[in-house]
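As annotated by TrEMBL, NADP(+) binding site applies to S44, R45, R46, S77, S78, S79, H80, Y98. Under the heading Zn(2+) binding site, TrEMBL lists H280, C281, C292. As annotated by TrEMBL, domain 'Gfo/Idh/MocA-like oxidoreductase N-terminal' applies to 9-125. TrEMBL lists 133-243 with the feature domain 'Biliverdin reductase catalytic'.
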Amino acid sequence: MNAEPERKFGVVVVGIGRAGSVRIRDLRNPHASSAYLNLIGFVSRRELGSTDGVPQIPLEDALSSQEVEVAYICSESSSHEDYIRQFLNAGKHVLVEYPMTLSWAAAKELWALAEQKGKVLHEEHVELLMEEFAFLKKEVVGKDLLKGSLLFTASPLEEERFGFPAFSGISRLTWLVSLFGELSLVSATLEERKEDQYMKMTVCLETENKSPLTWTEEKAPGLKRNRHLSFHFKSGSLENMPNVGVNKNIFLKDQNIFVQKLLGQFSGEELAAEKKRILHCLWLAGEIQKHCRPKK
């Protein structure tokens, strides 16, 4: 990225929860990628007027404004698909927090729309920019996996807003696919006690070499946000994560990647590989949902 950009892309942030607030902070601070972006305002269903001096803009104005060239979609997952479609149809580039959509078919359709419109559609995956993932990638490279497991615990999420657990937990699935390649689904079960807000999803996956991987999501009030992993290789084992340092500026790192895409600095091969991985994870999430909640 050049120090002095020739042009700036006007940006609107849709949704100002945790992710949206971090995006606004990064856009307002002097960073290499922020120099290419001009924060115009934010869109929210709540009537806020402004936040930290950033004005609220009606959705219709953000869609019709020629000044707005980019939308950051940071709303709840259930609304992503509709917002992406509206902004792409309005001729805007889109950055969206994961999961892009709550269905593989919808994601394929939106990617086709982005290509037709000649716009960048970028799905954020900050979990791949974490220190823990960088450590795991180094540990796993070149090793033959015998079997593995990944358990994630946290407090509950509303399914109506964030999707079925395989979608709301897609960052864990993305870790497994990024570490071990495309996976196939062997079985999936869901245990629920709605009165206790308890949920446990257990997914049995298999690598292309038929090595078993178990992914478990367990959610209940009071459960701490934690990852427990265990990978067994022919050459040894990796049990749980050592403390590998603080994850600094992961949303900013994601913004850097997005700006590189806007500037055409990613090769077609890189973009195709990323799209293939994202669609594979969304497809798996959908298959897991079908196994756990078969249609009657």
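Heads up, the Cβ atoms here are built off N, Cα and C, so glycines get one too.
Note that TrEMBL annotation is computational and uncurated.
It should be emphasised that the depicted structure is a prediction, and the values quoted were computed from it without experimental measurement.
Taking a C-beta cut-off of under 8 angstroms and a sequence separation of 6 or more, H280 (Zn(2+) binding site) has the following same-chain neighbours: V177, E182. For the binding-site residues R45, H80, the ranking by surrounding Cβ atoms (within 10 Å, all protein chains) places H80 first. According to DSSP, the domain 'Biliverdin reductase catalytic' (133-243) comprises 30 helix, 49 strand, 32 coil. Its Cβ taken as reference, C292 (Zn(2+) binding site) is surrounded by 19 other Cβ atoms within 10 Å in the chains shown.
Here the domain 'Gfo/Idh/MocA-like oxidoreductase N-terminal' (9-125) has a mean pLDDT of 94 out of 100. Within the domain 'Gfo/Idh/MocA-like oxidoreductase N-terminal' (9-125), the DSSP-based counts of helix, strand and coil residues read 47 helix, 29 strand, 41 coil. Less than 8 angstroms from the CB of Y98 (NADP(+) binding site) sit E123, E124, H125, I170, S171, T174, each of them six or more residues away in the same chain.
For the pair S77 (NADP(+) binding site) and C281 (Zn(2+) binding site), the C-alpha distance works out to 16 angstrom. Shown are the binding-site residues S44, S79; the one with the most C-beta atoms within 10 angstroms of its own C-beta is S44. All chains included, 16 other C-beta atoms sit within 10 angstroms of the C-beta of S78 (NADP(+) binding site). Summarising the NADP(+) site geometry, the residues cited as binding it (S44, R45, R46, S77, S78, S79, H80, Y98) extend over a maximum Cα to Cα distance of 22 Å.
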